[in-house]
Amino acid sequence: MRRPELIMRSLPLILFLSLGSFHLAAAAVDDQFTFDGFAGVNLTLDGTAVVTPGGLLMLTNGTTLLKGHAFYPSPLRFFHEATSGGGSSTVRSFSTAFVFGIVSEYADLSSPGLAFVVAKSRDFSSALQSQYMGLANARNNGNASNHFLAVELDTIVNAEFGDMSDNHVGIDVDGLASAAADDAGYHDDRTGAFVNMSLLSRAAARVWVDFDARTSLVNVTMAPLELPKPTTPLLSAAVNLSAVIEDEAYVGFSSSTGVVASRHYVLAWSFKMDGPAPSLNVSKLPALPVTIARAPSNVLKILLPIASAALVSALAIAVLVIHRRRRRYAELKEEWEVAFGPHRFSYKDLFRATNGFSDERLLGFGGFGRVYKGVLLVSRVEIAVKKVSHESRQGMKEFIAEVVSIGQLRHRNLVQLLGYCRQKGELLLVYDYMPNGSLDKYLYAENSKILSWAQRFRIIKGIASSILYLHEDWEQVVLHRDIKASNVLLDAEMNCRLGDFGLARLYDRGTDPHTTHVVGTIGYLAPELGHTGRPSKASDIFAFGVFMLEVTCGRRPVLQDTNGGQLLLVDMVLEHWRQGTVTDAVDPRLQGDFAVEEASLVLKLCLLCSHPLPSARPGIRQVVQLLDGAMPLPELSQAHLSCNMLALMQNQMGNSCSVASSVAGNISDIPRAR
């Protein structure tokens, strides 16, 4: 009796579970889903993306220069199967709706936004953060091999992508240059007027994306959370979806942050093939974390009229004061600055941030000017400000043209140029502040912290990666021309950043750089520059070889023995190599605590990179592969690194360093003090 009774009591539960399973199966067949919040929802997440305890899908968590992705875990079929008569498969219509919110740490600064994505793959590991929104990088942006359709909600302007404003919506295919874009907003169904919306309002808003397979049109519509879907879409673009994705594709979201911390949220999401997306129940949505403004007190209500009267009586004085201040902070603007305009700082803000460019804020001297530490008053972001004198060797306009291009560079091992300001005869450049200063003080300063071998090897690999980006991975070739330890800065976590592009040159791929005056730092200049005056990738490699010697040996490029004579550091290392004691050249302050194989590899690679003949030096991609252990180091031979070649280098540079034949006698005479 007890077992039949148990079965009878379990029948409703079994029936309920069966119906639930049938419903889930039907949803999978129909290619549709609805998430009114994400608590317990199965999504594929990577990067900073998480589901909060409250059910919010948080793509970025307020950390700078990171990315996050969230995808529906299973691929969806975007094509109807071919007919039995042998016809080809046809693309399907789809529709999605979602609720999003962006919470920026500072009301006056923002990071890139977020994007809804339809992609062949969920793997965006090679994509960059910042303006690339975690979807592409500088090398593959716009390539047809990317295979993605995205709708971006973008809160910064990038001249590189032709962005129209810092508050726009765009339809992107395989890259971040939008096929169609418009300012964020909606068309009011009652009046027909266009109503602007702020993506940074910290209020949730709705977006609908509809693809019509018959017309190949992608329509994007948005509205405040409390309004229904407007009849007129915000923007439309014709997209040949069959050329973008294949039979199956993933749907989800991508987001990234730049130098300003922001949080990007998705509160709800629905999707359907061959029909309108299911409605979202906005009453069930999790709360978006926002800053709630305080209501004005009764005291303010009483005092406000009195204060207004006092303000009117003070206007005459204020006009005079403002006029004087404007003359003090007067800035120069020209038409060419449109390309870099969104990154322009006001002189007043920089003046205040640096305490009037006071001496106590002076960090040091960089190429073309002094560098000051600053703190932006509103955001409290720490910055470094370089004042470039109008007496620089280059014309001001030519120099700024270089800055406009270099300002587009984005790499984790490059010091980020945040923006600029022009005021009378000065150009002010604003960079990320690096709290641990320059690398050279850790290599040469007395009583400084001694860098471990692991830190040194990571720094060498990081700078090699940045040079690879400059030489090979950006749209133009960038020659740094001044790679050295004092131009490598360290952030709070001792990560390295190559900076000071005051001498850099850019040129298009397939062309040669023009002959210029020989510039750079003695000890790092490739010997051929003395004759040709033409910088090249090989001359940057030479300087990088000397830089690696600096980091590994803890010595300056040009040494002085006890007799007052000079000796090239590369000569000293070469002599150690010939004697089979190359690792004896490693910084003695490490007291033998280093990876012998890594140190030997680096020192031998230094000799190759510092070869006096440009054609004998490896390219930067080969250097990176060697440092990563992806390829074996070529065997070094006496013929490859001969005394005559080193003497040739010294003769070309016209210096007084001793030739290689005298190295052996001088090694023991080099003092250990720095």
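Keep in mind that glycine also has a Cβ here, set from the backbone N, Cα and C atoms.
In Swiss-Prot this protein carries:
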- D482: active site, proton acceptor (ACT_SITE)
- L363, G364, F365, G366, G367, F368, G369, R370, V371, K386: ATP binding site (BINDING)
- 357-636: domain 'Protein kinase' (DOMAIN)
- N42: N-linked glycosylation site (CARBOHYD)
- N61: N-linked glycosylation site (CARBOHYD)
- N143: N-linked glycosylation site (CARBOHYD)
- N196: N-linked glycosylation site (CARBOHYD)
- N219: N-linked glycosylation site (CARBOHYD)
- N240: N-linked glycosylation site (CARBOHYD)
- N281: N-linked glycosylation site (CARBOHYD)
- T511: phosphothreonine (MOD_RES)
- T515: phosphothreonine (MOD_RES)
- T516: phosphothreonine (MOD_RES)
- T521: phosphothreonine (MOD_RES)
- 28-301: topological domain 'Extracellular' (TOPO_DOM)
- 323-674: topological domain 'Cytoplasmic' (TOPO_DOM)
- 302-322: transmembrane segment (TRANSMEM)
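All features noted in Swiss-Prot, drawn onto the structure.
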residue: N42; record: N-linked glycosylation site; DSSP (3 states): coil
residue: N61; record: N-linked glycosylation site; DSSP (3 states): strand
residue: N196; record: N-linked glycosylation site; DSSP (3 states): strand
residue: N219; record: N-linked glycosylation site; DSSP (3 states): strand
residue: N240; record: N-linked glycosylation site; DSSP (3 states): coil
residue: L363; record: ATP binding site; DSSP (3 states): strand
residue: G369; record: ATP binding site; DSSP (3 states): strand
residue: D482; record: active site, proton acceptor; DSSP (3 states): coil
residue: T521; record: phosphothreonine; DSSP (3 states): coil
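A Cα-Cα distance of 7 Å separates D482 (active site, proton acceptor) from T521 (phosphothreonine). Comparing the Cα of N42 (N-linked glycosylation site) with the Cα of every entry in N143, N219, L363, these being the recorded positions, the smallest distance points to N219. Cβ neighbour density within 10 Å is lowest for L363 among the binding-site residues L363, V371.
Of all Cβ atoms in the protein chains displayed, 16 besides its own lie within 10 Å of the Cβ of T521 (phosphothreonine).
Cβ neighbour density within 10 Å is lowest for N196 among the glycosylation sites N196, N281. Mean predicted confidence for the topological domain 'Cytoplasmic' (323-674): the pLDDT average there is 78. Comparing C-alpha positions, F365 (ATP binding site) sits nearest to T521 among the recorded positions N143, N219, N240, T521. The recorded positions recorded for this entry are N143, L363, T521, and the Cα of N143 lies nearest to that of N240 (N-linked glycosylation site).
When the Cα of N196 (N-linked glycosylation site) is compared against those of the binding-site residues L363, G369, V371, the shortest separation belongs to V371.
If you compare Cα positions, N143 (N-linked glycosylation site) sits closest to N219 out of the recorded positions N61, N219, G369, V371, T521. Comparing the glycosylation sites N42, N143 on other C-beta atoms within 10 angstroms of each C-beta gives the minimum for N42. The distance from the Cα of N219 (N-linked glycosylation site) to the Cα of N281 (N-linked glycosylation site) comes to 22 Å. Listed in sequence order, T48, V50, G68, R263 are the same-chain residues at least 6 apart in sequence whose CB falls under 8 Å from the CB of N61 (N-linked glycosylation site). Spacing of L363 (ATP binding site) relative to T521 (phosphothreonine) is 20 Å (Cα to Cα, whole number).
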